Structures are given as C-alpha cells and as structure tokens.
Amino acid sequence: MKNFLMGNELIALAAYNAGVRSAYAYPGTPSSEILEYFSKISDEVYAQWSINEKIALELAGAEAISGKYVLCSMKQVGLNVAADPFFSIAYTGVKGALVIASADDPGPYSSQTEQDSRMYAMSAKLPVFDPINPEDAYFLTKKAVDLSHKYEIPVMIRPVMRVCHSRQSIDVDIEKNNLIISNSFEKDTARWAATPKFRKQLHSILNQKLKDISNKYYKEFKINKKSDFAVVGSGYSFAMAMDIVAEDGLNIDLYKLDLPFPLSDELIKSLLEEYEKILVIEETQPVIEMQFARRDKVFGRLNDFITNMGELTYQYLQSKLYQFLGKQNEIEEFDVNVKSAKPRLCPGCGHRPAFYAIKKVAKNRGIFPGDIGCYTLGVNLEAVDTCICMGASVTFAEGLKRANNDKVVIATIGDSTFFHTGVPALINAVANDSKIVLAILDNETTAMTGFQPVPHKHKKISIERVVKGCGVDFCKTIDPYDFDGSIRLLNEAIEYSEKNSTPAVVIFKHPCITKIKYKGKKKVVITDKCKNCKICYEKFECPAIFEDKLANAAKIDELLCVNCGVCMSVCPFDAIAYVDEVDDEV
Ligand code: SF4
Ligand code: SF4
C-alpha cells in the first residue's frame, strides 16, 4: 500500500521493519519526528525521550550490547553531547544492532552550527549512510540495521533537514518480521570493560571491520563511462544534482555513494583513472572528497570550487555544474544566502515578561547569558547576550561573573535544557561560590521541538527540589505574568546572591501559551492615552501590537491578542487597559 510519509517517519518505520523495538532520543529539529513516529508504530515498542543525547546513546548502547536492535536519534549538535559514548561504543561494538540517526541542518535553520555528523562517523571510524530523499532514507536505514548486526558495529544514518521533513509516496507498511533476537547480556570484560591494553585490540578489530565493510559494500560498484566528467556525492544535494543533470541534459556521469564513509580504495582508484575531472557534491563538509587523495582532478570544497558554508540550493548547484563543464557563461551564479523573517516569541508567552523584568532590574549593569530553546529569542528583548550550547548559560554566567564582578549576571535556561545539561553547571556554580542569578523558564514542555515531555511533567521530579539538591538555598517560583512581583523577586535574588556569595534561582513558571491555548476573559485595548512611544511593540515586542501609522498610536490585533494583560505593566503612560468581558475562552 502506498503511504505518504515524512523522511523521519520512514527512518522509524524502516528501523521497526528491520527488527528494532527500542528507541531513545532527545528532541531537536530536524530529528524529533523519528522517535514520535516510532513510539506509535506498535504496542510492542519501547520509546524514551531521554534527558540528553549522551544518556539516550548510552541507554541504546546498553540494550544493543545485550543483543537487542536499537535506534538512537538526535540532531547534529546533539551528537556533540553524545560524542563520548559514540566514540567508545565504536570500539566495543554491539551484539544486536545499533543505528544512530543524526539529523543535520545545513543552512543552518535551527542550529548553532552547520557541522556535518558524517565527520564524527569518520573520526569515530563508524560507517555512515547519507540518504538523498525519504525513500532512500527508508532503504538505507534497513541496510544500516543489517550492517550493524552483521558486523556488530554501531552504524550512523545522517539525513539532512530536507530529507527529514520532506514527504514521499512510498509503497511500504508495517511489517511483522520473524526475526529471533536473542537479548541477554553475555559477560566479556575484555570487550565491554576493556582496559587500554584491550582497547588497542578493539581498535584493530574496528579497523578490520571498516575495511571489510567498504570492500563488500562497494563490491558491485561499476564504472559506466559516457563522459569525461563525473559527479560523485551523497545526500539531498546530490539528489538535486541528479535532477539538474537530467533536466538540463548535461553530459556528466553520476555516481551516488550511499555510504560516504568508508569508501573502498578500489572505487576511488577506478573513478580517478577513468575521469578527467570529478566534482564532489555533498553537505556540509568534504567527507567523500577527503577520501579522494588526488587533488588535481577533484573539484569540491577543498579547492574552494564549492562554497564552504550554507545549504546548497538548486540554483547554486546548477551554476556550479555548468561551471564544472566549462559553460559558466550560460547560467548566472546564485547567492547561497537565504533571507528569512525575524522570529519572535508568541503573543502571551510567559518568557516575554520574564525577560523584560530581567532587563529592567539589571538596567545597564547586567550581563545575560542565554541558552538553547525558543527563549533564545530573549535576544530581541535585549535580555540574552550569549548563546553557545545547551547548558552553557549557567557555566557562562559563572565565568562572566568572575571576569566582571561589578556586573549583575542573570542567566536564563528552559526547563528541559536545565535537566539536559544545566544541573551539573549549577552544582559547579554552587561549589565555586558564584554570585549569579539563574532564571529557569519553566513552561512545562520542550516547546521549540514539538512539545515533547519534560522530566517533571508527571510531578515525579520537581525543579525546586533538584535546585535545592544542587545546594541552592534561594529558590523561589513566580508566574511571570505577575510583572511587578517578578521585579521584586529578581531584586531579592540579586541581593541574596551578592550578600551570600552563592547562586540564587528564580523559577518563572507559566505553561506554554500555544499548548494551553489560553485566551483571557477581559479584553485588552489601547486607549487614547497612547503616545506612540513604541515600547509595547518594539521593545516589549508583542506580535499582537502594531503601529497604526494613521492614528500615530499603537493598536492591538484582536485575532493575535490572548488578553494576557502583561503589556499593561510595560506601558509607561498607562495607555493599555482592560475594557470589558469577552465570552470566548478557548
Ligand atoms: S507602550 Fe503605551 S504609549 Fe507606548 S506605544 Fe505602547 S500603548 Fe502607546
Ligand atoms: S494582552 Fe498585550 S501582551 Fe498580551 S497578547 Fe495582548 S497585546 Fe500582547
């Protein structure tokens, strides 16, 4: 039966159809739908949103060394967090099967970097598949599971965002397989608890496995020469190159390399022997290209023929293919930079008044380290000064305070991110007497990536108790809609922290507005006291307020406004007010 499925869904389905019954992940664009879909395939699967990628991969690894078939998914920068077990499990290998789906973000559209997960695979010496479209992702995931089991080695699949989020009609469905998976842990300390001496042996075994994999996988590879020019590559950008060559009738031979690492020596040798010029198309780093040692014939990123940043667009690749053939005058070269609209926090979002209060209390003496989540948008409200990686707001706060003792340092972190990597950083700040204020923005969900659950969702864990367990004595919670109360509490926290040489924590607790679909009963309007000072729509930046140029005043868009009333606290002229009751509470 034909199904119209997203790349991420097809990865999950393929893993299930190949025998995977357990999956672990931490949410992140563009990989989140893999675990979501996997969890719904059947009652017999186990799917866990772990608190970070390191934990997800370690849990997956533990099951896989017990003989189970397991999937672990994450976004590219998540692999940085999981890098430690990733490298180590490469040596020990697995017993059942372990597929790591690391989704990349050329562009980048929602990441801090454009790093290429395939480089990690190469560095850890693990095979990596790079699908060109959702259908390819399905078949390559199945191959990844098989390869992992056959060679007892973790295998990576690396889809880029366009593959993860595209949909394709494909004739696949849930398969019941009769695979007999033995799942019991067999003790073997020389392998699973290897000392450095045994690690060297494991490394040698891994090297041999890689050689076998590259030779066997590319055993059937054949040169089919019709031109002196060849394009080789993998991933979504290669799919576009294939389309351009077909549509424009270009005289180029194409070689799709499903497994960009490891490539076989024989494949590289025969391509170099047969072709005058070889263009490598891949995103975002030269993983394939680096394996072609000769530089005189090979074109790509290493000789600056292909840009070293940004997503490769259709138009850009078209211009490069023409240039490669010496026909550059026939087509214009395109700029790879795409312009996008400025993102803002939603109307009624509790983060907005929290940030506004933080900025107000610290005035010109504040430094504001921020973190990863939709609340990074606090940068628009001038209440986020740094954003490095998950959990870094707290460590950066400690370091910034040490280097700038005369400043007030207020860090912000979301609830999910706090559990992800914020907790060790807070313990470090307490142990080192850091005079910082940490604002935990608790909206009870992992909002930016699609509302995945947070650890404290079922009240088994409380942020307050965790904070106190980290050694923090000052930990108070407030609803950020109480703007004046927030100002008072932040001032109290600053004073406590400075006086006692220790972190103080304020938890701003308000459920995500898009999740609860809140609409306040009292309607909020802008009155004729408005002086059009622009504070509510430019500084406070509520998307429901805009400038009415004809009236020379601010105006509220009733469709967007949720009547939260917070803007009333920020207007210096008392020009925003409730008017009457409205009926509709959604
Ligand atoms: S903050 Fe008040 S005075 Fe200023 S533009 Fe908004 S409503 Fe008008
Ligand atoms: S009440 Fe004010 S702050 Fe709240 S959504 Fe409406 S315009 Fe925005």
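Cβ coordinates come from backbone N, Cα and C, glycine included.
Some features that TrEMBL has for this protein:
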- CYS530, CYS533, CYS536, CYS571: [4Fe-4S] cluster 1 binding site (BINDING)
- CYS542, CYS561, CYS564, CYS567: [4Fe-4S] cluster 2 binding site (BINDING)
- 552-581: domain '4Fe-4S ferredoxin-type' (DOMAIN)
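Broken down by DSSP into helix, strand and coil, the domain '4Fe-4S ferredoxin-type' (552-581) contains 4 helix, 10 strand, 16 coil. Fewest other C-beta atoms within 10 Å: among the binding-site residues CYS533, CYS536, CYS564, CYS567, CYS571, that description fits CYS533. The binding-site residues recorded for this entry are CYS530, CYS533, CYS571, and the Cα of CYS571 lies nearest to that of CYS542 ([4Fe-4S] cluster 2 binding site).
Compared over the binding-site residues CYS530, CYS542, CYS561, the count of CB atoms lying within 10 A of a residue's CB peaks at CYS542. On the 0 to 100 pLDDT scale, the domain '4Fe-4S ferredoxin-type' (552-581) averages 93 in the predicted structure. CYS564 ([4Fe-4S] cluster 2 binding site) sits 21 Å from CYS533 ([4Fe-4S] cluster 1 binding site), taking the C-alpha atoms as the reference points. In this structure, none of the binding-site residues CYS542, CYS561, CYS564, CYS567 sits close to ligand 1 with a C-beta under 6 angstroms from any of its atoms.
The two recorded residues, CYS536 ([4Fe-4S] cluster 1 binding site) and CYS567 ([4Fe-4S] cluster 2 binding site), show a Cα separation of 6 Å. Not one of the binding-site residues listed as CYS530, CYS533, CYS536, CYS571 brings a Cβ under 6 Å of any atom of ligand 2.
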